[in-house]
Amino acid sequence: MTKNKLNNSAIFNMYSLIVVAFIYIFGNNNNNIWTLTGITLMAIWFFQLNQNKTKESLNEYRPMLPKREYIKIKKRYLIWIVVVTFFVKNGLLKYWFQSPSSPSNENGVEKYTADTPLFEAMMNISFLSPIVEEIIFRGLLLLVCVSIITAIARFKTNTQEKIIRNLSIGIFIVLSTLLFGLAHVIKGGDYVNIAPYAMAGAVFSILYVLTKTLLAPILLHMINNGLSTFAQYHEIGKLNFDMAVIMLCCLVAYMVITILWWGMKHSKSLDKTLNDIDKRYKNSEMSRRTAIKKIYIDITSYIKQQMITR
């Protein structure tokens, strides 16, 4: 029974991924807001249905494997992680990828924004599209990888859950990176500019794996597309003020304020840790280099304990 459920789960996940991707690519050629809203709702429904079916089939398979403690990022830290990831991603893109020509995908967006009201463009590009794309390239794709690898692994009775998990995640990140990059250049045949999109896909995938919630890459995708859309409308003169710069300033302010607030809230615990290490250093129990290393390890460990839930 378990074998059949694993097979059925893998097949249904693959079928759902193909259906949602096909309808998203070919079913909204006119970029109609209501059509895209319908596609988004359909994608959410497919993802929830597949997620529940996959969990059910895996729960029957897992008793055969060693149990593993489940760790997840606390929700109150999610937005901060997304904002930090946004700045890291864009910093890496600017440093590593200086495209000699404008990507065809961006040229298509420029033509679309020239004839589309700001509200409609924000809904399509910055809100609805990120949801559908993250469900396709992250949510459903990970379910496909996990269900297929698990279905194959059942033929080996000594396969550990850690091996299944790591193999599924590794294949997922590679596929998600390549497919996301290809999806943004294949229409215009602009393969020269695939690297920035592929890297963005890798960042979205890793963020999804680390946070264990699709909300994280969706928020990051929305912020990224929202800033690009605002910047484009300001550039063509359809927006009198640079909303992208205002958003960036707000994100920087949010990041700085939350870091300061967190530091003040946890100052007593951090001071206690630092004082203990300082006393041991002064009593010559450890070298300066060891003390600095110990400070880094202890503070990192404390931050990690505060951010995760078991």
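The backbone N, Cα and C atoms fix where each Cβ goes, glycine too.
Over the domain 'CAAX prenyl protease 2/Lysostaphin resistance protein A-like' (122-226), the average per-residue pLDDT in this prediction is 89. The domain 'CAAX prenyl protease 2/Lysostaphin resistance protein A-like' feature in TrEMBL is assigned to 122-226.
Here TrEMBL flags 12-27 (among others) as transmembrane segment.
If you look up TrEMBL, you'll see 33-49 (among others) marked as transmembrane segment. Distant neighbours of the transmembrane segment (33-49): 16, 19-20, 23-24, 27, 120, 123-124, 128-129, 131-132, 135-136, 139-140, 214; these residues of the same chain sit at least 6 beyond its ends, with a Cβ under 8 Å from one of its Cβ atoms.
Residues 195-196, 199-200, 203, 207, 211, 213, 215-216, 219-220, 223-224, 251, 254-255, 258, 307 of the same chain lie 6+ residues outside the transmembrane segment (77-97) yet bring a C-beta within less than 8 angstroms of a C-beta in it. The transmembrane segment annotation in TrEMBL covers 77-97 (among others).
Long-range contacts of the transmembrane segment (135-155) within its own chain (CB-CB distance under 8 A, at least 6 residues past either end) are made by residues 2-3, 6-7, 9-10, 13-14, 16-17, 20-21, 24, 43-44, 46-47, 50-51, 54, 57-58, 61, 163-164, 167-169, 171-172, 175-176, 179-180, 183, 201, 204-205, 208-209, 214, 217. Annotation comment: TrEMBL describes 135-155 (among others) as transmembrane segment.
Sequence-distant contacts of the transmembrane segment (167-186) (same chain, at least 6 residues past either end, Cβ-Cβ under 8 Å): 25, 103-105, 133, 137-138, 141-142, 145-146, 149-150, 193-195, 197-202, 204-206, 209. As annotated by TrEMBL, transmembrane segment applies to 167-186 (among others).
According to TrEMBL, the feature transmembrane segment maps to 198-220 (among others). Residues 47, 72-73, 78-79, 81-82, 85-86, 88-89, 92-93, 96-97, 130-131, 134-135, 137-139, 142, 169, 172-173, 176-181 of the same chain lie 6 or more positions beyond the ends of the transmembrane segment (198-220) yet place their CB under 8 Å from a CB of it.
Within the chain, the transmembrane segment (241-264) has long-range Cβ neighbours (under 8 A, six or more residues past its boundaries) at 79-80, 83-84, 86-87, 223, 226-228, 230-231, 233-234, 270. If you look up TrEMBL, you'll see 241-264 (among others) marked as transmembrane segment.
Beyond its flanks by at least six residues, the transmembrane segment (12-27) meets 35, 39, 42-43, 46-47, 49-50, 53-54, 132-133, 135-136, 140-141, 143-144, 147-148, 183 of its own chain at Cβ-Cβ distances under 8 Å. Residues in the domain 'CAAX prenyl protease 2/Lysostaphin resistance protein A-like' (122-226) partition by DSSP class (helix H, G, I; strand E, B; coil) as 88 helix, 0 strand, 17 coil.
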